[in-house]
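Q: The N(1)-(5-phospho-beta-D-ribosyl)glycinamide binding site feature in Swiss-Prot is assigned to Glu22, Leu23, Glu82, Asp286, Lys355, Arg362, Arg363; the stated evidence is sequence analysis. The ATP binding site annotation in Swiss-Prot covers Arg114, Lys155, Ser160, Ser161, Gly162, Lys163, Gly164, Gln165, Glu195, Gly196, Val197, Val198, Glu203, and the record cites sequence analysis as its basis. Residues or ranges marked as Mg(2+) binding site by Swiss-Prot on the basis of sequence analysis: Glu267, Glu279. Sequence annotations record features per position, and here Swiss-Prot assigns domain 'ATP-grasp' to 119-308 based on sequence analysis.
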Amino acid sequence: MTLLGTALRPAATRVMLLGSGELGKEVAIECQRLGVEVIAVDRYADAPAMHVAHRSHVINMLDGDALRRVVELEKPHYIVPEIEAIATDMLIQLEEERLNVVPCARATKLTMNREGIRRLAAEELQLPTSTYRFADSESLFREAVADIGYPCIVKPVMSSSGKGQTFIRSAEQLAQAWKYAQQGGRAGAGRVIVEGVVKFDFEITLLTVSAVDGVHFCAPVGHRQEDGDYRESWQPQQMSPLALERAQEIARKVVLALGGYGLFGVELFVCSDEVIFSEVSPRPHDTGMVTLISQDLSEFALHVRAFLGLPVGGIRQYGPAASAVILPQLTSQNVTFDNVQNAVGADLQIRLFGKPEIDGSRRLGVALATAESVVDAIERAKHAAGQVKVQG
């Protein structure tokens, strides 16, 4: 039996978000729908989820002592990481002290860096992956590239949104690629992964829910990447029944091995009927924002339902849908959005995240569309995103 208290009352059920960006904001909103008290934590003030939380705190989440202090102050029933850059050893300590880390502290630690999850997938679970080597010095990096061959990709073991990644075609790129990887790591300079290039027809995110009533799958989400970050996503991605079956089997193995209840974003390469594991996030995925319009339960609603111990039951997908990011480039601490009236309409929505500032290129919103076909939905979403004029 799941007992939920009322926010701001003595018996409140309290959820603490570690990371308060646009994904955390939607998780906070879903918690609010169930009367759950929300505490938003991030490294900067006025982060998106803080706008819809009951309280907020600004800390360095890589500082284990600071993390413990805010947890002891707020006494959350659930600690919900939204990002990778967290003091995961402290999360493990807190979990050992009977706090509930979502989906579990082990999953958060393993997926915080690419080495942990790659070794789990390839070596423990024996799943198909790209060829790979790890290196923690420039000389070992050069040896790894020679071993893997060209072309290959280098990534910091700890980074997100494409930071620090380089597609390497020749030896002339090696010095700069190493330097860029050292600059792009979330927790500073360090270890990298060198991966062989996988031949694939398309990439998918298989949003997979581990809940009290078993493992559930959303329809596969296709997406287009540029500079290591997603630009458009769509659902459903068409694929053969055999490929879908293989994708679901890989995702099931990964989420059950990681453990805990919640939604996982399992990233996979698909080539005809073959499926290759890429990465997994133990939390809602940015490409999954399409589910805000494509499903009866968004990825955020599914995540909250699962970690609260509620059954999922089933997931209804409404048909062809797409998302397209609103990604301006400017410098401002007073952003405004013009021409919004031309970005909304029948089966057409936008979300503006409320980020407090921009300095360069930053994702500030997303357009969402449905249509008779995925191709039409993508075009509608892209057109709507382009209508929003970001000023500062």
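For all residues, glycine too, the Cβ spot is worked out from N, Cα and C.
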Q: Could you measure between Gly164 (ATP binding site) and Leu23 (N(1)-(5-phospho-beta-D-ribosyl)glycinamide binding site) for me? Cα positions, answer in whole angstrom.
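A: Taking the Cα atoms only, Gly164 (ATP binding site) lies 22 Å from Leu23 (N(1)-(5-phospho-beta-D-ribosyl)glycinamide binding site).
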Q: Quick one: of the binding-site residues Arg114, Val197, Glu267, which has its CA closest to the CA of Arg363 (N(1)-(5-phospho-beta-D-ribosyl)glycinamide binding site)?
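A: Checked the binding-site residues Arg114, Val197, Glu267; minimum Cα distance to Arg363 (N(1)-(5-phospho-beta-D-ribosyl)glycinamide binding site) goes to Glu267.
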Q: May I ask for the distance between Val197 (ATP binding site) and Lys355 (N(1)-(5-phospho-beta-D-ribosyl)glycinamide binding site), taken between their Cα atoms and rounded to an integer number of Å?
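A: Cα-Cα, rounded: 35 Å.
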Q: C-alpha of Glu195 (ATP binding site) to C-alpha of Asp286 (N(1)-(5-phospho-beta-D-ribosyl)glycinamide binding site): distance in Å?
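A: Glu195 (ATP binding site) and Asp286 (N(1)-(5-phospho-beta-D-ribosyl)glycinamide binding site) have their Cα atoms 23 Å apart.
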Q: Which of the binding-site residues listed here (Glu203, Asp286, Lys355) have a Cα atom within 10 Å of the Cα of Glu279 (Mg(2+) binding site)?
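A: Of Glu203, Asp286, Lys355, within range: none.
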Q: Could you tell me the mean pLDDT over the domain 'ATP-grasp' (119-308), as a whole number?
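A: The answer is 95, the mean pLDDT of the model over that range.
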Q: Kindly assign Glu195 (ATP binding site) to one of the three DSSP-derived states: helix, strand or coil.
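A: The residue in question, Glu195 (ATP binding site), is strand (DSSP, three-state).
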Q: Out of Glu195, Glu203, Glu279, Asp286, which of these binding-site residues shows the lowest number of other CB atoms within 10 Å of its CB?
A: Glu279
Q: If you draw a 10 Å sphere on the Cβ of Glu267 (Mg(2+) binding site), how many other Cβ atoms land inside?
A: 18
Q: Which has the fewest other CB atoms in a 10 Å radius around its CB: Glu22, Glu82, the listed binding-site residues?
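A: Selected from the binding-site residues Glu22, Glu82 on minimum Cβ neighbours within 10 Å: Glu22.
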Q: So how many other Cβ atoms are close to Leu23 (N(1)-(5-phospho-beta-D-ribosyl)glycinamide binding site), meaning within 10 Å of its Cβ?
A: 26
Q: Roughly how many angstrom lie between the C-alpha atoms of Leu23 (N(1)-(5-phospho-beta-D-ribosyl)glycinamide binding site) and Glu267 (Mg(2+) binding site)?
A: 17
Q: If you skip the near sequence neighbours and keep only those at least six away, which residues in the chain come within under 8 angstroms of Arg362 (N(1)-(5-phospho-beta-D-ribosyl)glycinamide binding site), Cβ to Cβ?
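A: Same-chain residues close to Arg362 (N(1)-(5-phospho-beta-D-ribosyl)glycinamide binding site) (Cβ under 8 Å, separated by 6 or more) are Leu327, Pro328, Lys355.
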Q: Spatially speaking, which of the binding-site residues Glu22, Glu82, Glu267, Asp286 is closest to Glu203 (ATP binding site)? Use C-alpha to C-alpha, please.
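A: Ranked by Cα distance from Glu203 (ATP binding site), first place goes to Glu267.
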Q: What is the separation, in Å, between the Cα atoms of Glu82 (N(1)-(5-phospho-beta-D-ribosyl)glycinamide binding site) and Glu267 (Mg(2+) binding site)?
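A: Distance (Cα to Cα, whole Å): 17 Å.
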